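Shown next, in structure tokens, is the structure this report addresses.
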Amino acid sequence: MTKYILALDQGTTSSRAIVFDHDGSIVSVAQKEFKQIFPQPGWVEHDPEEIWSTQLGVAAEAITKAGLNTENIHAIGITNQRETTVVWDRNTGKPVYNAIVWQDRRTADFCDELKRKNLHILIQQRTGLVVDAYFSASKVKWILDNVDGARTKAEKGELCFGTIDTWLLWKLTKGQVHATDVSNASRTMLMNLQTLQWDGELEKIFNIPGNMLPQIRSSSEVFGTTQNILTATNIPIAGIAGDQQSALFGQLCTHSGMVKNTYGTGCFMLMNTGEKAVISKNNLLTTVAWKINGKTEYALEGSVFIAGAVVQWLRDGLGIIRSSTDIEKLAAKVTDSDGVYMVPAFTGLGAPYWNQHARGTIVGITRGTTAAHFAKAALDSIAYQTVDVLKAMEADSGIEIKELRVDGGATVNNLLMQFQSDLLNTAVVRPRITETTALGAAYLAGLATGYWNSIDEIQEQWQVDRKFESSMDEEKRETLMNGWKKAVKAAQSY
Ligand SMILES: Nc1ncnc2c1ncn2[C@@H]1O[C@H](COP(=O)(O)OP(=O)(O)O)[C@@H](O)[C@H]1O
Ligand SMILES: O=P(O)(O)OC[C@H](O)CO
């Protein structure tokens, strides 16, 4: 019987499931969007039960679409939106509150307080992270402080915390396994980057009882098996990684110095730094890439909060395009943005600025500005933010980045990819399979279960779709970047 790997890709706006074959090719895809809950300005929540039901639904759909049944599934890999926090009752399995999403800013004041107390230095040394509401720890604290009875229950060991991987693993194993992998744990702000264990001092700073934290395991091992879920067959769940680390693996950036950038809702650039955890001097994050066969590799990361989402804003907010794909045609009507710059700091700025008070800003508008200039400026803003992060990464690593592997929804846009290469003066390479996030999780699960024997064996599966080379002269590049820097300054003047 031919066997396949099922990847569950639980993202911020949708749950996806993809069946891969032994060549790493896609056999089928199923996807379902779910509700975004905005209870107050700056707050973003998801219903954990809806995350579970949509994820289970698309898993079944993908298997059926491929004309398979569950006996054909060799193993399952999970990859997920990171940092998003769920707390549930260990006995009933019911969440005590909605999932607090990575984009949620409700704990920004608490994070400012940590900075005022100078705790950000210790926290960065221990976790590799910049103190910000983005990460899980302050979100768990908020739930314990604000949900009736939650802290008392947590202290009695009656509550479980998990990122989305942990929640899905718990559901798939019917409560038998409460675990996470190191890449997800490294985004909580509670894990010590050197010991790869929960850090007692950080638990105290955030006032989180250690008994509610999941067990930290590697990224590629059998975590448990499905328990009468999908079918009576017990399928091993054998790979787990946060979605950006998973994309780094799916892009086969498995050697030190290799870099990928994912262009989705936000932009996430990761550089593999091998077995060395490089602590950033330029406001990037240090994170675990993965742990496989006892070997831990690290990455430097630049997280940009708004990228493809600016295109959605042009569509849903301004209404100047009807669908995301229309932006390329509209922007192509002009040769450049004619001095218009758009800084999409809708929820503040992430790397390398980390300014939660910055706001979206458009500068350089004249009487001659048209919708096409707005479209071009919006696309350009994605590329400019990427340049800022890449420069910080080169400075931290001492490596000149000669090639950027790209993936994510916005990479279908050739105009953007060409402008990106022009601005960076670096080759931008789009692979044949851009579903690298799901592919990474499939690889991790397949490697743990002997479906693939080694990283060397899968290395050959990565193939180029298109390579974009820079054709811009240095003077123009410099002029454009100077204009961008001024616009970023304006966005931070609130
Ligand atoms: N042709 C396009 N040009 C630019 N951006 C696009 C285009 N098509 C889709 N996008 C953007 O890509 C994003 C979706 O990509 P995806 O990788 O699915 O994101 P996520 O995993 O964050 O939900 C959306 O923000 C959308 O606006
Ligand atoms: O779900 P995505 O693809 O928007 O990714 C979100 C990131 O994991 C947040 O850190």
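Placed from the backbone N, Cα and C atoms, the Cβ positions cover glycine too.
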Candidate from Gly308, Gly360, Gly364 that TrEMBL assigns to the same ADP site as Thr12, Arg16, Thr265, Gly409, Asn413:
Gly308
Candidates Tyr134, Tyr263, Tyr298, the one TrEMBL lists with Arg82, Glu83, Asp243, Gln244 as binding glycerol:
Tyr134
For Gln312 (ATP binding site), what residues in its own chain, 6 or more apart in sequence, show a Cβ-Cβ distance under 8 Å?
Ser324
Cβ within 8 Å of the sn-glycerol 3-phosphate site's Cβ centroid: which residues qualify beyond Thr12, Arg82, Glu83, Tyr134, Asp243?
Asn80, Gln81, Thr84, Val101, Trp102, Arg187, Gly242, Gln244
Cβ within 8 angstroms of the Cβ centroid of Arg82, Glu83, Tyr134, Asp243, Gln244: which residues besides those meet this for the glycerol site?
Gln81, Thr84, Trp102, Arg187, Gly242, Phe268, Ser303
Intrachain C-beta neighbours of Asn413 (ADP binding site), sequence separation six or more, cut-off 8 angstroms:
Ile327, Glu328, Leu379
State which of the following binding-site residues has the fewest other Cβ atoms within 10 Å around its Cβ: Thr13, Thr265.
Thr13
